[in-house]
């Protein structure tokens, strides 16, 4: 195993071990202080959770639940030591976080000797950055805690109760879910600080943030779909603040970067002398307008007319107060005070904006006089773009150039957009010509320097060294094949896959439309959101299924609970996705068949796939009919009878009971489909009997690998699912052995018009 770890990894691990040892050695005289800090954080958080946090969390997060739903919703402990252990884990994490700054501080000398200690000249900058980061984190957590969570839990709990489940959340799963989402909100709130810091250091230029805003919107909704329930409302609650924060961060980053580029050239006195009229005009107008609105009684008009017309807003007191009683001053003097405050605030903002404009002009001038590649094309007009040096377009990618042109078109400057694209094409042509000349010179020099030897030996060695990933891939594939796998084989596999996927490009919209239609329709039926649907589909199945249990088990004795807030939703999504995949699979194979046949991967008549799709549908219907009416109720009653007889409370998790019902209903049909598929594929010449028989080992490994991945429980469930599938596979081989007379009758390679016999 030592050969699996290269020297760089060993050196990195050794350096990390040495650094950790040096930190502890340097801080050993202060370890007692660090331990005290850790103990304070540990005990404080442990007792805070015990005495205050759990009750407060449940009260605040379930505040918007309807009364009937709140009675059904509870947070429980599933094991005797679950709550103390959870509190101890959280307290350990909090204590470690609290003690980490003290440990780093006392080991700063050891870190400084090894170059890991960052030296910053001004401590107030560090304090300011830390304060901003803390405030942003607290703001994100507060939004999640007071806005997002109450609405989300209201949706989830109401959905569970409507579906006939009891939202009985495990305190461990519930706390992990809550703390994970609060942490994600807090980290997402660091976006302004992260964008500004990355732009100031030059790691990610401001222009990149500005041009990639579309990807930011897609990413916000993608993360919203990942971290929140799949209903549009909660996804919007997650994504919209992130998008607004991105826009705010973009503006802040632009201001900071502009001040960095042109701040040294700002002369506040000169700006004040040149623009004093504009600086004073805006605050004067704003102060006069505010005073005039107060004198005219606009606040009373808004209280009487506008505020009552706003939905869901019924304040007990007037929103706009009378200015005199509010400040405790005479009315005229109070108006003057408010107008003066507005004047000062707007004056500061106006002067700051004038300074920013001056810095922006200085930054643009610096870009023109300095490095040509640092020129910002945004403030330039069409003539400026055509006059800019070619070097300003060398670092632009095609996507960035198109984005710049699109922005210019949106701003009503089509000539500038055309100029940007023309200059980019010129720079690309010049770069290609230079590259061609360089390559020609390199080839000539190589021919002159070539020494006698075996032709192609050096290039081959260089090629082998240049692509270690391909070499390692062949080594991995060799472990699963009886013959040596070369790099050409791996490349062939890749080209086969790429060719098949490319052939499906024209059908991708149809396949995706069918997949999403089945998924959305099934999911909405499960949730009860289809037009004319009286109850959620899950509730209908649950009530009907429990009514079919034998007389020894009454329906009210078997309960279905949710231990995780999103357990029911996740189950519905997985089941809907499975049905959608089964619906689109025959059509996918049908459209991919010409490409598969052209690459020599398969042969035969693809019309068999239509028959197979019908067999799949019939097998599912038959399996559901037999399993739902006979097998599944018998299994559930057999499992629950002993527990009910012993006086126990039987409550199954939806993720366990739901999959058990699925495997004993639709799973029966899918098992019956295995030998039917084998016979049909052999009969149609798609996959021959000899291929199925010779590849049984690969099929076994694949079946157990897939069942291990999709099964809800570990190795035991893998065997429970995998063994019946392989038994059906063996049954199919036996049927084909009889049909082919021991393999002497074959249909491999038969054309569509030929007979199977």
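Heads up, the Cβ atoms here are built off N, Cα and C, so glycines get one too.
As stated in TrEMBL, the feature transmembrane segment covers range 333-356 out of the listed 309-332, 333-356. Ranges compared are 173-193, 362-382, and TrEMBL records transmembrane segment for 173-193. It is 656-682, from the ranges 467-493, 656-682, that TrEMBL records as transmembrane segment. Within its own chain, the transmembrane segment (34-53) is flanked in space by residues 27, 87-88, 90-92, 94-99, 102-103, 106, which lie at least six positions past its ends and keep a Cβ under 8 Å from the stretch. Here the transmembrane segment (656-682) has Cβ contacts under 8 Å with residues 541, 545, 560, 571, 575, 604, 608, 611-612, 615-616, 619-624, 626-628, 631-632, 635-636, 688-689, 692, 712, 721, 724-725, 728-729, 731-733, 735-736, 739-740, 747 of the same chain, all six or more residues outside its ends. Outside the transmembrane segment (236-257), and at least 6 residues removed from its termini, the chain residues within Cβ reach (under 8 Å) are 143, 147-148, 151-152, 188-189, 191-192, 195-196, 199-200, 206, 209-210, 213, 216-217, 220-221, 223-224, 227-228, 356. If you look at the transmembrane segment (571-596), the same-chain residues 6 or more away from its ends with a CB under 8 A from one of its CBs are 230, 499-500, 502-504, 507, 510-511, 514-516, 518-520, 522-523, 526-527, 538, 602, 606, 609-610, 612-613, 616, 620, 654-655, 658-659, 662.
Using a Cβ-Cβ cut-off under 8 Å and counting only residues 6 or more beyond its ends in the same chain, the transmembrane segment (608-636) has close neighbours at 545, 548-550, 553, 558, 582, 585-587, 589-590, 593, 657, 660-661, 664-673, 676-677, 680-681, 683-686.
Simply put, out of 126-153, 333-356, 508-527, 333-356 has the most Cβ pairs sitting under 8 Å from the transmembrane segment (278-302). Through the fold, the transmembrane segment (333-356) approaches residues 255, 258-259, 266, 268, 271-272, 275, 278-280, 282-284, 286-288, 290-291, 294-295, 323-324, 326-327 of its own chain, all at least 6 residues removed from its boundaries and within a Cβ separation under 8 Å.
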